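A short worksheet on the structure shown next.
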Amino acid sequence: MRDSTAGNAASRAPKRAIILEGRALWLSFAAATTGTFMVNLDSSVVNVALPVLQHQFALSIETLQWVITAYLLVITGLLPVTGRIADALGRREVFLIGIATFVAGSLFSALAPSFIVLVLARAFQALGGATIMANVMAIIALVFPVEKRGQALGLIGSVVAAGTLAGPPLGGMLTAWFGWRSIFWINLPIGIWGLWGSWRFLPRFVPDPEAPLKRMDWTGALLFLTSTSLLQFGLANWHRYWGMGLLGLDVVLVYGFIRWESSRAYPLIPLRLFRIRAFSRNLISGMAYWVLMMFPSFLLPFYLRYDLGLPVSLIGLSLMPQALTMILVSPLGGKWLNRAGVLWPGRTGMGFLMLADALFLVLPRHAPLWSVWAILVAVGAGAGLYSSPNNAAALNSVGVGDTGLASSLLATQRNMGRAVGVAFASIMLSVVWMMHGLGPNPNHADPAYPLWFYCGFRGAFAISLAFGVLGIWTLTAPDATREGMR
């Protein structure tokens, strides 16, 4: 693995750093990463409750997806903005507002009297989530000395894994014992600790005088958020004439966004990075990866509920093999990356993901639970092997001074890929149902619905393989292997 980029980046002390030591240092780490844990816990805890929410509100899957999509959509649209605002107004203050907003959004979600209110509350919650995600790593870099910064950033990965791993079993048990609202109530004590701890232990950072809000590209931010919203609304309503119209309008908006950003002295997203072929191709590869990952994440809880008849408490536990395997395999993937470079571990990881989706494609009705676990092990292994090479290839294709910007674009890509993945999984269900003459949204209360869902489930995974091919093709581009890890 090429260490020069990481080493040079680490050796450059961040502007306005306030280096802490001893107990104060690790208390600040615990306070800041509470937000990271809470956001990742919330992202994984909701999927388990999807079948319960469908029954509670009598929804089609096409409509139900918005409880996830609205959250991811707002995060995607606001990530480029919230980091800039924190630079201008003070990172600690904006981070505290982010945690408070996330807690308030969780409270509104728990009290939501209808599905529409729940979706709006999730969007408000995502406003806080975007603010947290955009600032945690920057805060850690500002308080940790150079020699400990790498260790701290690595520990953030462990916090992310812990939140992701705890989500499914905790969500299943809470939903089974206390109802679906409890998966949002759980954020309140966590968030209150994070809010108090951040207020108590994080130092006050001096705002960046070179990043005033008057330089903020508000028009670019509005165009970006609008274009991502139109994409999601268009995909969700692809079978309606006005849905296709939204997609056409989105193409025009994206073109306008590119023209606008190209003319700005201080653009929201500097487009010069996209002229680097290796970076652009690996960004596409990572997008395909996240789309691919969302197919089992979104669809499997329904299969476990409708086809295998598992109670919601066991659905969460049944999803754990994926996260456990990813935690175990990720260090091995990093070592392989050091020895062999980007190409082989990344290609092998995507191959495991395609194998898993192919196995889901042929998974019979009423399959033994161990077979689902075995496939989830393949998903976890693929994710553990692929993610590090893709991130390394993207980051090492840009200069040292652009690593922060590249990291923020990777975060935006990750959330956009997840949102698009949910949309495509829902689309493929509707396509298969329409091919069988059932319409895009058959009645989930019909006794035949489990069979209908199973047919759509298989059709969705047939299409998901195309994203695996795209991910492999773009990751293995010659420029990516030359400019990235060798």
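For all residues, glycine too, the Cβ spot is worked out from N, Cα and C.
Here is what TrEMBL says about this protein:
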- 24-43: transmembrane segment (TRANSMEM)
- 28-483: domain 'Major facilitator superfamily (MFS) profile' (DOMAIN)
- 94-120: transmembrane segment (TRANSMEM)
- 126-145: transmembrane segment (TRANSMEM)
- 152-171: transmembrane segment (TRANSMEM)
- 177-197: transmembrane segment (TRANSMEM)
- 241-258: transmembrane segment (TRANSMEM)
- 279-304: transmembrane segment (TRANSMEM)
- 310-330: transmembrane segment (TRANSMEM)
- 342-363: transmembrane segment (TRANSMEM)
- 369-387: transmembrane segment (TRANSMEM)
- 419-439: transmembrane segment (TRANSMEM)
- 451-476: transmembrane segment (TRANSMEM)
With pairs restricted to those 6 or more apart in sequence, evaluate whether the transmembrane segment (279-304) and the transmembrane segment (419-439) have 3+ C-beta pairs under 8 Å.
yes
Is the transmembrane segment (419-439) in contact with the transmembrane segment (342-363), using three or more Cβ pairs under 8 angstroms as the rule and ignoring pairs under 6 apart in sequence?
no
Segment-segment contact (the transmembrane segment (24-43); the transmembrane segment (241-258)) at 3 or more Cβ pairs under 8 Å:
no
Please indicate, using numbers and ranges, the residues of the same chain that are 6 or more beyond the transmembrane segment (419-439) and have a C-beta under 8 Å from a C-beta there.
61-62, 65, 68-69, 72-73, 76, 228, 231-232, 235-236, 238-239, 287, 290-295, 297-299, 452-453, 455-460, 462-464
At a C-beta cut-off of under 8 Å, are there same-chain residues at least 6 beyond the transmembrane segment (451-476) that contact it? List them, or none.
281-282, 284-286, 288-289, 291-292, 295, 299, 302-303, 306-307, 342-343, 346-347, 350-351, 353-354, 357-358, 360-363, 365, 386, 389-390, 393, 424-425, 428-433, 435-436, 438, 442
Using a cut-off of under 8 Å between C-beta atoms, tell me which stretch among 94-120, 126-145, 152-171, 177-197, 241-258 contacts the transmembrane segment (310-330) the most.
152-171
For the transmembrane segment (152-171), name the stretch out of 94-120, 126-145, 177-197 with the most CB-CB pairs under 8 Å.
126-145
Can you work out the mean pLDDT of the predicted model over the domain 'Major facilitator superfamily (MFS) profile' (28-483)?
83
